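Colleague: Take a look at the following structure, please.
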Amino acid sequence: MMTSRVTDPRLAIDFCGLGFNSPLVLLSGCVGFGEEYTRVRGFSNRDVGAVCLKGTTLAPRLGNRPHRVFETPCGMLNAIGLQNPGVDHVVERILPGLDFAETRFIANVSGSTVEEYHEVTRRFDDSPIDAIEINISCPNVKEGGVAFGNDIAMSAEVVAACRKATRKPLITKLSPNQTDIAANARACLEAGSDAFSVINTLMGMAIDSERRRPVIGNNQGGLSGPAIKPIALLKVHQVYQVCRRHGVPIIGQGGIQDGRDALEFLIAGASAVGIGTALFYEPLLCRDVNATIGDYLTRHGFKRVVELTGSLCLN
Ligand SMILES: Cc1cc2nc3c(=O)[nH]c(=O)nc-3n(C[C@H](O)[C@H](O)[C@H](O)COP(=O)(O)O)c2cc1C
């Protein structure tokens, strides 16, 4: 039984059979391997329903050359390049140190080939991890990542391969850098995805005009933060049209920095909401977001947060 700091039972959700004590999810790449932020005084994983770990590959990766991050108006560019210690290290050394009584932990799987996605998923299947998120939308690696996620057939192939490797909840992280995200979601659903994360970062570039060079070592990076929120809301709305008939949940994300933003994603169709970039400037944000959602439920006469999902009334 999970102990929880979120005391408002109205915020609890069922996510693919997993009990989340809050709809909030800490996003992959923004909280290391679930233990980094716990060093911040006052921060607790108990304030959220789940924590997504950093993207993990079969072999360790050193990531891209610097600069890897750059602040932009209302957002940031990053091109970390999936730096991680490899799946065996994560399973054998990191997972045993995590407190699964505090929250749910979700692995984030990446690969350069379909076989690598399958194998990393298989190794996480044989671990205490609660769910597996497939990142077919990373814009910062040369092979795999968004190259798969922007191609509907390849996306479905990766999902099908991962599905064969696990019975744990499988969440597909969709790319906003494609023409028809709803068509991609439909194909991934048929291939066995249980849920979706919408959206990953948008590809972007920053230029140092004095040097006439891109600022980011990788030349391009993924744009996150409030700058992408309107795009993310539309993509969640579009994917929800595919998901709602099947009761498939979405983790809405992209630029959430307060409770109001979180509410907008829930209303657009998300069952859970992810917080990433905002943690870099406000690591203690989650308690306020929970409180704002609770206050909204009271003011609008909702009994539980699930009633908000997809409650958007179109004009
Ligand atoms: C520094 C950084 C690293 C990230 N690394 C990953 C990753 O390893 N895997 C992944 O699926 N998404 C990764 N993301 C994307 C986030 O999980 C999230 O989907 C995206 O940033 C949008 O949410 P936000 O605007 O709240 O940050 C990363 C984002 C940032 C800013």
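Yeah, the Cβs are placed from backbone N, Cα and C, and that goes for glycine too.
This is the feature table in TrEMBL:
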- Cys138: active site, nucleophile (ACT_SITE)
- Ser28, Lys54, Gly55, Asn108, Asn135, Lys173, Ile199, Gly225, Gly254, Gly255, Gly276, Thr277: FMN binding site (BINDING)
- Lys54, Asn78, Ala79, Ile80, Gly81, Leu82, Asn135, Asn200, Thr201: substrate binding site (BINDING)
- 11-295: domain 'Dihydroorotate dehydrogenase catalytic' (DOMAIN)
Colleague: Report the nearest neighbour of Ala79 (substrate binding site) in space among the recorded positions Ser28, Asn135, Cys138, Gly254, Gly276, comparing Cα positions.
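Modeller: Result for Ala79 (substrate binding site): the nearest of the recorded positions is Cys138.
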Colleague: Look at each of the binding-site residues, Ser28, Asn135, Thr201, and point out the one with the fewest other Cβ atoms around it within 10 Å.
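Modeller: Comparing Cβ neighbours within 10 Å for the binding-site residues Ser28, Asn135, Thr201, Ser28 has the fewest.
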Colleague: Between Lys54 (substrate binding site) and Ile199 (FMN binding site), what C-alpha distance do you get in Å?
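Modeller: Cα-Cα, rounded: 16 Å.
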Colleague: Tally every other Cβ atom lying within 10 Å of the Cβ atom of Ile199 (FMN binding site).
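Modeller: A count of 27.
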Colleague: Between Thr201 (substrate binding site) and Cys138 (active site, nucleophile), how many Å separate their Cα atoms?
Modeller: 8
Colleague: Using a Cβ cut-off under 8 Å and a sequence separation of 6 or more, which residues in the same chain sit near Gly276 (FMN binding site)?
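Modeller: Spatial neighbours, sequence-distant, of Gly276 (FMN binding site): Leu26, Leu27, Ser28, Gly29, Cys30, Ser224, Gln253, Ile256.
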Colleague: Suppose you look only at the domain 'Dihydroorotate dehydrogenase catalytic' (11-295); what would the mean pLDDT be?
Modeller: 96
Colleague: Roughly how many angstrom lie between the C-alpha atoms of Gly81 (substrate binding site) and Asn135 (FMN binding site)?
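Modeller: Between the alpha carbons of Gly81 (substrate binding site) and Asn135 (FMN binding site) there are 13 Å.
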Colleague: Give the helix, strand or coil assignment DSSP yields for Asn135 (FMN binding site).
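Modeller: Note: Asn135 (FMN binding site) is in a strand by DSSP.
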Colleague: Fewest neighbouring Cβ atoms within 10 Å: which of the binding-site residues Gly55, Gly81, Gly254?
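Modeller: Counting other Cβ atoms within 10 Å of each of the binding-site residues Gly55, Gly81, Gly254 gives the minimum at Gly81.
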Colleague: In the three-state scheme derived from DSSP, which category covers Lys54 (substrate binding site)?
Modeller: strand
Colleague: Using the residues the record lists for FMN (Ser28, Lys54, Gly55, Asn108, Asn135, Lys173, Ile199, Gly225, Gly254, Gly255, Gly276, Thr277), what whole-number Å value is the largest Cα to Cα distance?
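Modeller: Among the residues the record ties to FMN, max Cα distance equals 20 Å.
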Colleague: I'm trying to understand the geometry here, so how far is the Cα atom of the residue listed as 'active site, nucleophile' from the Cα atom of Gly55 (FMN binding site), in Å to the nearest whole number?
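Modeller: Between the alpha carbons of the residue listed as 'active site, nucleophile' and Gly55 (FMN binding site) there are 9 Å.
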Colleague: I'd like to verify something. Among the binding-site residues Ala79, Gly81, Asn135, Ile199, Gly254, which ones have a C-beta closer than 6 angstroms to some atom of ligand 1?
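Modeller: Checked binding-site residues vs ligand 1; flagged Asn135, Gly254.
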Colleague: Going by DSSP, is Thr201 (substrate binding site) sitting in a helix, a strand, or coil?
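Modeller: Going by the DSSP assignment, Thr201 (substrate binding site) belongs to neither helix nor strand, so it counts as coil.
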